[in-house]
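Asks: So TrEMBL has the following annotated:
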SITE      15  site 'Transition state stabilizer'
SITE      22  site 'Transition state stabilizer'
SITE      151  site 'Positions MEP for the nucleophilic attack'
SITE      207  site 'Positions MEP for the nucleophilic attack'
Ligand SMILES: Nc1ccn([C@@H]2O[C@H](COP(=O)(O)OP(=O)(O)OP(=O)(O)O)[C@@H](O)[C@H]2O)c(=O)n1
Ligand SMILES: C[C@](O)(CO)[C@H](O)COP(=O)(O)O
């Protein structure tokens, strides 16, 4: 069940319109990135965290890791222009057979989902977290409906995404050689015609992307507080 995790945290948070890295914003007096890091830092099966960061955020992240006593960060790796580049830079440093890639912007991941993904990746090589789509999805071109996509087989894909590290390194290398840019790591593995398993996750595992997501996040933190008796 052991693994290492790459956490891409080098984005600019443009859609959040916060004027700084959205991972430095606070939820219940704790920075978003610390909420995310704590899940892995407290997991006995996590054998190291590789954090991809923007060079301008290095001091801020170093201060937070010290202040909140995060123990398992192995290395702060320089992020790249795109999320895919940030992940690849960190992936080259990983030293474990199973690697998870998890967005720093998803602070509500549950360890049960992490462990399910690790077990699945050990047997199949690649596994991703996802939840069934709840809305109707349509393809729209120039402001008009082109096609309604049958909903029963549609899933909203999240992270963590878990892989055998050799497979993911090859997938990133082939994508770089082919000039392919995917919005998630699994798409790089799929283009190699390699099967990717899906593990059902939680609707709480949101990615903090736009300002409205902060309201949902505050509600989730409040629910977690109530469920843990305020500890
Ligand atoms: N060049 C990049 C871009 C994104 N990320 C990280 O990848 C995760 C998912 O990306 P996203 O939510 O899109 O974050 P941003 O790129 O910061 O958002 P935006 O597109 O609104 O600027 C985030 O934890 C982000 O920090 C990264 O490490 N390197
Ligand atoms: C990887 C991801 O979180 C899966 O849903 C998503 O594709 C990231 O997209 P972003 O635009 O880089 O946040």
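Cβ coordinates come from backbone N, Cα and C, glycine included.
What TrEMBL says about a protein is an automatic prediction, not a curated fact.
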Asks: Cα of residue 22 (site 'Transition state stabilizer') to Cα of residue 207 (site 'Positions MEP for the nucleophilic attack'): how many Å, rounded?
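Replies: Roughly 11 Å, rounded to the nearest whole number.
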Asks: Output, ordered by sequence, the same-chain residues six or more apart from residue 207 (site 'Positions MEP for the nucleophilic attack') with a CB under 8 Å from its CB, or 'none'.
Replies: 103, 105, 106, 158, 159, 213
Asks: For a Cβ distance below 6 Å to any atom of ligand 2, name the recorded sites from 15, 22, 151, 207 that qualify, or say none.
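Replies: 207, by Cβ distance under 6 Å.
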Asks: For residue 151 (site 'Positions MEP for the nucleophilic attack'), which residues of its chain lie six or more apart in sequence with Cβ-Cβ distance below 8 Å?
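Replies: Residues satisfying the criterion: 133, 136, 137.
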Asks: Return the single residue from the recorded sites list (15, 22) that has the minimum number of other CB atoms within 10 Å.
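Replies: Sparsest of the recorded sites 15, 22 by Cβ contacts within 10 Å: 15.
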Asks: Under DSSP, is residue 207 (site 'Positions MEP for the nucleophilic attack') helix, strand or coil?
Replies: coil
